[in-house]
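Residues annotated as ATP binding site in TrEMBL: LYS4, GLN5, GLN6, ILE7, ARG8, ARG133, TYR134, GLY135, TYR136, GLY137, LYS138, GLY139, TYR140, TYR141. Look at TrEMBL and you will find GLU58 tagged as substrate binding site.
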Amino acid sequence: MGRKQQIRKQHLSERSALSESVAEQLSAQISAYSREYLTGQNNLREHGVYGYYPLKKEVSLLHLYAWLSAEHVPLAFPRVCGDTMEFYQITSMEDFTEGAFHIMEPQMKCPVADFPKAYCFVPGSVFDLTGNRYGYGKGYYDRYFAQHEKLIRIGTAYEMQVEEWIEAEETDVKMQFLVTETGIRTFDR
């Protein structure tokens, strides 16, 4: 097993050991910081927000999405087909069905999202203090970001998922922000 896989496995194991109540508490703090950041953006309704549906104790931003929906901010979520991922706009949090890897995905009726400058929240297994991210090893987000360079990339993680530095590959796309329960970090763009 390579170093990258070892680091990913270690952090995923630590994350899965979190109790439900601790994960919910930390997610609430991360959602609050995310909301604070988004509240300061004048173009939120124009740009929209790309999110993700949490799986296996990933940071849950469901409360943030409820607030965004109430504020009439366009929301989109990813759906995987083969080795590609695309974001689809939802009109309600009821617009989901179980998809690949048991991840909740937008229903087939949802249109492809077209918000080239959206604020995109990104889960991961490990992040570092320079914006590098390890996902889950399939490269979906990296390939998507390579084709959608104007998206504002915001990683979400528990502080225990943050390393000082992780080795990145040429195809790994850096985050511009990272939100944890301790606050928001900004990286060079």
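Cβ atoms are placed via backbone N, Cα and C, with glycine included.
Caution: TrEMBL annotation is automatic and unverified by curators.
Where TrEMBL records a feature, it is marked here on the structure.
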residue: LYS4; record: ATP binding site; Cβ neighbours (10 Å): 17
residue: GLN6; record: ATP binding site; Cβ neighbours (10 Å): 10
residue: ARG8; record: ATP binding site; Cβ neighbours (10 Å): 20
residue: GLU58; record: substrate binding site; Cβ neighbours (10 Å): 21
residue: TYR134; record: ATP binding site; Cβ neighbours (10 Å): 23
residue: TYR136; record: ATP binding site; Cβ neighbours (10 Å): 15
residue: LYS138; record: ATP binding site; Cβ neighbours (10 Å): 13
residue: TYR140; record: ATP binding site; Cβ neighbours (10 Å): 17
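Secondary structure at LYS138 (ATP binding site), taken from DSSP and collapsed to helix, strand or coil, is coil. Annotated pair TYR140 (ATP binding site) and GLU58 (substrate binding site), C-alpha to C-alpha distance, rounded: 17 Å. Taking the Cα atom of each, TYR136 (ATP binding site) and GLU58 (substrate binding site) are about 12 angstrom apart.
With respect to their backbone Cα atoms, GLN6 (ATP binding site) and GLU58 (substrate binding site) stand 19 Å from each other. Rounded to a whole value, the Cα-Cα separation of LYS4 (ATP binding site) and GLU58 (substrate binding site) is 19 Å.
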